[in-house]
Amino acid sequence: MLYSLLYGYFNINLFQYLTFRAGLGFFIAFFLTLFLMPKFILWAKAKKANQPISSFVPSHQNKKDTPTMGGIVFVFATIVASVLCASLGNLYVLLGIIVLVGFSFVGFRDDYTKINQQNNAGMSAKMKFGMLFVLSLVVSVLLSLKGLDTFLYAPFLKNPLFEMPTMLAVGFWVLVFLSTSNAVNLTDGLDGLASVPSIFTLLSLSIFVYVAGNAEFSKYLLYPKVIDVGELFVVSLALVGSLFGFLWYNCNPASVFMGDSGSLALGGFIAYNAIVSHNEILLVLMGSIFVVETLSVILQVGSYKTRKKRLFLMAPIHHHFEQKGWAENKVIVRFWIISMLSNLVALLSLKVR
């Protein structure tokens, strides 16, 4: 909106620069989240929209009165900042907003069910995965129709591994959406544990998206160019800004949780950025914390079903370390450090090819 008005109509050249509009979007989303979140917290407490706490984690029972669904606020702030600062005629921007809203809506349904039933179960797995699958499939098909190439790239290599057939690519992208959204959802179990790794991952992906959309940088760095994708940089930075605003209230001890409304939206948008920038494989490194958390659950369930033995004291693995006596803050900060280092290594792949 501001972009179309100030650059398209008044011809203010400053608004033609992605970096300026992305920075502006960052601060708009940050301050809007800071402003709206206290009001949301008061409303959520009045409505008793509190996060049901699992009985298997007795140390978290003191969090039972903490309101949830804070993700609605930072998703809303991101959309407002994107509408103001990004070009809404860009399909990658529109699809990014659709991903944020769609995945957040599924998360909202799950949160609402948990609050109504006063347990941690939420929607049935069949309904939840069904809704996520349909949404992921629609976005993946639209990306294919847009003409996004289907080459599969590996980090630190100049050339793609191979070109996927269209149907295989769509199926692969759906898998990336589903796995990433649920991985972030599993990670969101401690104060700030999902927020900061998401910030690191989004910052890294934002750089890749910016390079992919810039003809000179992509040529210099031997990075695959994706026409028009650079505009998504504005939306990504807006989401990072809103996450910093959310973290202001989510740091330990948290005043609000993001809920599935936030974690599914984050995971879906991270997956979307990875797909359009051809970083599906590198996402394993950038989202290392999410991968480890998910693997711990898979291994725990698999081990118990096959051997009747548990590999960890509790899964996801952040609870395992809590059971071993680590303070919550120690688990959180150490996971942040791992995430930061993983993303620094991932960024090296831009130059080391």
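Cβ coordinates come from backbone N, Cα and C, glycine included.
Annotation source Swiss-Prot lists transmembrane segment at 24-44 (among others), citing sequence analysis.
Annotation comment: Swiss-Prot describes 66-86 (among others) as transmembrane segment, evidence class sequence analysis.
Taken from Swiss-Prot, the feature transmembrane segment covers 88-108 (among others).
Annotation comment: Swiss-Prot describes 129-149 (among others) as transmembrane segment.
Same-chain neighbours of the transmembrane segment (160-180): 129, 132-133, 135-137, 139-141, 143-144, 149-154, 224, 267-268, 270-272, 274-275, 278, 280, 283, 287, 290, 294, counting only residues six or more beyond its ends whose CB sits under 8 Å from a CB of the stretch. The transmembrane segment annotation in Swiss-Prot covers 160-180 (among others), and the record cites sequence analysis as its basis.
Feature annotation from Swiss-Prot assigns transmembrane segment to 192-212 (among others); the stated evidence is sequence analysis.
Per Swiss-Prot, transmembrane segment is recorded for 229-249 (among others), and the stated evidence type is sequence analysis.
Per Swiss-Prot, transmembrane segment is recorded for 256-276 (among others). Sequence-distant contacts of the transmembrane segment (256-276), counting only residues of its own chain at least 6 positions beyond either end whose CB sits under 8 Å from a CB of the stretch, comprise 37, 40-41, 44, 51, 66-72, 74-75, 92, 95-96, 99-104, 106-108, 110-111, 122, 132, 135-136, 139-140, 143, 148, 173, 176-177, 179-185, 187-188, 194-195, 198, 201-202, 205-206, 208-209, 212, 226, 229, 232, 236, 239, 243, 246, 249-250, 282-283, 286-287, 290.
Below 8 angstroms of C-beta separation, residues 152-155, 176, 179-180, 182-184, 186-187, 193, 197, 200-201, 204-205, 267, 270-271, 274, 310-312, 315-318, 320, 335, 338-339, 342-343, 345-346, 349 of the same chain, each at least six residues beyond the ends of the transmembrane segment (281-301), sit close to that stretch. Among the features that Swiss-Prot reports, transmembrane segment is placed at 281-301 (among others).
Residues annotated as transmembrane segment in Swiss-Prot, with sequence analysis given as evidence: 330-350 (among others).
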Touch test for the transmembrane segment (192-212) and the transmembrane segment (229-249), at least 3 Cβ pairs under 8 Å: yes
Contact ranking winner - 24-44, 129-149, 229-249, 330-350 against the transmembrane segment (66-86), Cβ under 8 Å: 24-44
Chain residues in Cβ proximity to the transmembrane segment (129-149) (below 8 Å; excluding those fewer than six residues from its ends, i.e. six or more beyond): 91-92, 95, 98-99, 102-103, 106, 109, 163, 166, 169-170, 173-174, 177-178, 181-182, 224, 226, 264, 268, 272, 275-276
Positions whose Cβ lies under 8 angstroms from the transmembrane segment (88-108), at least six residues beyond its ends: 1, 4, 69, 71-72, 75, 78-79, 82, 128, 131-132, 135, 139, 142-143, 146, 181, 185, 228-229, 231-232, 234-236, 239, 259-265, 267-269, 272-273, 276
Sequence-remote partners of the transmembrane segment (24-44) [C-beta within less than 8 Å, at least six residues beyond its ends]: 2, 50, 67-70, 72-74, 76-78, 80-82, 84-86, 234-235, 237-242, 244-246, 248-249, 255-256
